[in-house]
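Everything on this sheet refers to the single structure shown next.
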C-alpha cells in the first residue's frame, strides 16, 4: 500500500514498445487474501474502462515474489503511435462520459456501466490467480494447487470474445496447460504428481471437455519431459510404485466404504421431502450405528467367538465348569412367562449367559496343540481397552473437525446474517413439489421476520422491563437447577427405597429402569416448556438452552445411578449386577422409543385427523430425538464393559429405530415451516456425545484401577484389579523394570504438574496466536474499507474533472499529440496526464488508484 | 447395469473418474439417471443432447427456483441444452466431495443473471423473487431494504454489487452453504 494518497496514474510515453498496450501493474506486494481481492476488484474496475472500445487489456499482477508476469494477445497493432495515444485518451474521455451520464452516484454509475467480461474467462482468471502462489514446498503442494494458485491473469474486455468457438476453446486449453506447466511439482512423472495433477484438474471450473483435452495435453508434455530426463533410478521407481499402490488402496477403500453406506435411498427420499435438517438426524443415527457395528464386530470376533469355542470344547470334554451349562440346565423347568420376564430383566438363565460378565471364563486354551494359546481374560481386557480408545479417538477427531468447520471458521461473521441466509436459503436437495412450496413460504416469512426486526426500532426496554426479564430468567435458571437437583435426589431416594425391599422379583427390578426412563421423558418436556416460557429472542438460543438443560438432567440421573450402583453392597458378582441394571435400562428405553412414543404419535395423528383438527399432526422433534441417541449411546458405553453383547441389542434397536422414525416422519409429520439451521446444533450433539464418552471413560478408569474384582466369577477372578491383568500379563512389568519405574515416575504429582504447566503454556500460546490473527483480520477489514474510500475519492475526482472537460480534454488531446511528435525524436519522456488535465482544473494530482499504475507504453 | 456399461469404453470411464469426484459406479448411476430423462434418445446415443425442458424433469431441478439458470450455466452450448458430459459436470459440482471454492464459483455464476460477473442489484432482486416463489410477493420497499441489507453486510468495497471474492467470503463464513448447495446423485 505504498501509494496511498499519491498520484500514480501516469501516461508514459516511451520508445520501442507498442503504444496500444495498457498495463495495470499492481504495485503492492500484498500477500493476504483480502488485500488481493480488493486489488482484483479494482483492477477489474479499471480494466473495464476499456469496455466500449474493442480493446484488449493485458493485466499483469505481481505475485508476492514481486515477479510480474505479462500475458498478452494482439490488439490492433498496426496503428501508429499517434493513433494509440489518441485512443488512450479517448478511452478516458469515454469513461468519463459514461460516468457523467448516470448522475445518481459515481459508484452505482460504475457498477452499472461496467459490463465486465463474463463468465468463462473470468473463471479462468480466478482459478489461475490461486495457482500463482504455488511454491515448491512439497508438503503443502496439494493445498496450494487447489486453493492458492498463481496469478497470471488473462483478461479480455472485448465483448465479442466471450462467445466460445472452437478456436477460443483451443486457446483456453493452451493457456491453462501453460499455466500448469509452470509448476514443477505438478509436472513430474511420479504417482504423487499425477495425483496432484488430477486434483488440480478436478478443481478447475471448466467443462468436462476442456478438462479432458487439458489432461491429454499435459500427458503428452509430461511424456516428452520424462523422455528428456532419463534419469529414473530404481529407488525413484520403487517410491513411485509404493505411492501409487497407496493411492490405489486408498481409492479402493473409498469405493468400499461407499458401497457399505446403508440407507442411501432412504436418506435421499427424506432429504428430498424434508430438507437437510431432518436428514441430519438420520445421518447422525447412521453414523452411530456404523460405530456400533464396528464395536459389535470386534466384540464378536475377539471375545464372544473364542468363548463359544471354549464352551463347546469344555462340554465335549465333559468339564462342567462353565457356569453357562449349569445355568441352562437349572432353569429348564421355567414357564414361558418367567422366561419372557427373564428376557426383560436379564435375570435367571440370562444371568450366567454370554450376555453378562459372569458368563465369561478366565481360561486360557489352545484349539489345537500346534496353535498358540488364547487367553480369554487378556482378550477381554485388550478388546475393551482398544475399543474404548478407538471410539474416543474417532469421536474426538470428528468433533474437532465439525467444531472447526461450524464454529471457528464461521466465526467473526457477526454482520453477515442476511447475506448468508439468502445465499444458503434454498436447499438444493429438495425434490418434492410440496416441500418446495413450503420452503418458499419459509424463506418468505423468514425474510419478513428479519425485515421486521430491522425496521421496527428495537423494543425500547424500560429499566423495569429489563429487571423483569433479568429476574424471570434468573428464576427460571434456578427453577431448572432445582428441578435437576431434585430429580437427582429423587432418583437416589427411589433407588434406595427399591433396593431396601428384599423382593427381587422381575417386575420390581424392572420398575426402577421404567420409572427413571419415564421421569426423564417427562422432565425433558417440562424443561423444554420452561425454556420456551423464558422468551429468548432467537429460537436457536431457546433450543440450545433447552438442549443443555436436558443434557444436564440426563447426566445427573445417569451419574446418580452409576454412583448408586458402585457404592451398593453386593453379595457376589457386582459386575454382573451393574451389567444387568444397564441392560434393563436399555430394554426399557427401547420399549419407550420403539413402542410408546410411536403409539402416542399415531394416536395424536388419528385424533387430529378424525376429531380435533386443532391438535395438529405431531412434529418431528429432531433435538429431542438426537439427545435420545446420545443417552442411548452413553448407556451402551457404560454397560459394554460388563455386558459385551449389549452392543448387539443396541444395533438391532437402532435399525428398528431408523425404520420406525422414517415411517413416522413420512406418514405422519409435516415438514417444519420454519427454517432452522442444522450445522451448529449437530456440532452440539457431537459435543454432548464426546462429553458423555469422557465421563464414561473416567468412570471405567476408576472401576478398572480402584475397585477390586469379585473373586467368584468372570474373567478377572484371579487378578485383584482389572488393570493388573494388563500390567502383569501384557506388559509383563515387574517392580524393578525400567518401564515400570518410568510409569510410576510419570504418575507422580511433580510430573503431572509439569505436564499441566506445559499444556497450559501451549494453550496460552495458541490463544495469543488466535488473538493476534483476529486483530489482523480486523486490520485487513479496515484496509478494505479504506481502499473503498479511496476508490470513491478517485471517482469523485473524475466526476469533478468531467464538469469542465469539454475544453480541457480537447486541449489535453492536442497536447498529447504534440508531445508525441516530439517524443519520436527524443528519449522517453513521462507525460503525466494529470498535469495536462489539471492544467485547466488546477487541482492537485487527481487521485491515487489503489496501488495501481495505469500506464500506456509507447514503444 | 450391463447395458449401461456397454455404452462407455473403459477409457472414457477412466477419464470421467479422473476428472470428476465420482467413482465409476457413480458415473454409471449418473448415466442411468440421465437416461431415465429420455430413454430412447440416450439409448441410441449416449451423449445425446437433451433440451432444457427435458433436463428440468430431473426431480431436484424441477422444483428448484434456479433450475433454468443451472441448466444454462452447465450447458456447453449455453442455451440450457445438456449432453451427458454437461450433466455429469453439474452433478460433480453438486456432489459432496466437491470443494467449497468450486461450489461457490458455480453458485455465483448461477445467480449472475445478466452475466456481468457481479451480483448487482438486479441480480439480487431476481434471486430473492425466485427464492420467495411466485405466490409470495415482497413489496418494492421490502425488497429494497433486503438488498440494501445484503449489500451492507457483504459488499466490502462499497461498489453496489457483490463481486466474486465478496460472495466467496460469505459462503466461506456460512455454516450451511456446503449442506444446502448439494444434490445427491
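Think of each number as a place in line: the chain as shown, counted from 1.
Just so it is clear, glycine is given a Cβ too, placed from its N, Cα and C backbone atoms.
A TrEMBL annotation is a machine prediction, not a hand-curated record.
Sequence annotations record features per position, and here TrEMBL assigns compositional bias 'Polar residues' to A:835-847.
Under the heading domain 'TMC', TrEMBL lists A:573-679.
Among the features that TrEMBL reports, region 'Disordered' is placed at A:834-859.
Look at TrEMBL and you will find A:287-310 (among others) tagged as transmembrane segment.
For A:379-397 (among others), the entry in TrEMBL reads transmembrane segment.
Positions annotated as transmembrane segment by TrEMBL: A:474-495 (among others). For the transmembrane segment (A:474-495), the list of distant contacts is 512, 515-516, 519, 523, 526-527, 530-531, 533-534, 549, 552-553, 556-557, 560-561, 564: same-chain residues at least six beyond its ends, Cβ to Cβ under 8 Å.
Look at TrEMBL and you will find A:507-530 (among others) tagged as transmembrane segment.
The annotation transmembrane segment is assigned in TrEMBL to A:586-614 (among others). Counting residues 6+ beyond its ends, the transmembrane segment (A:586-614) has Cβ neighbours under 8 Å at 344, 346, 510, 513-514, 517-518, 521, 628, 631-632, 635-636, 639, 646, 649-650, 653, 656-657, 660, 664, 668 in the same chain.
Tertiary neighbourhood of the transmembrane segment (A:635-656): same-chain residues 285, 288-289, 292-293, 295-296, 299, 303-304, 354-357, 380, 384, 387-388, 391, 558, 562, 575-576, 578-580, 582-583, 585-587, 589-590, 593-594, 692-693, 696-697, 699-700, 703, selected by CB-CB distance under 8 Å and a gap of 6+ residues from either end. The feature transmembrane segment is assigned by TrEMBL to A:635-656 (among others).
Summarising the annotation, TrEMBL assigns transmembrane segment to A:684-704 (among others).
If you look up TrEMBL, you'll see A:745-766 (among others) marked as transmembrane segment.
Sequence-distant contacts of the transmembrane segment (A:379-397) (same chain, at least 6 residues past either end, Cβ-Cβ under 8 Å): 291, 295, 298-299, 302-303, 306, 360, 637, 640-641, 644, 686, 689-690, 693-694, 697, 700, 715-716, 722, 725-726, 730. Taking H, G and I as helix, E and B as strand and the rest as coil, DSSP gives the domain 'TMC' (A:573-679) the counts 83 helix, 0 strand, 24 coil.
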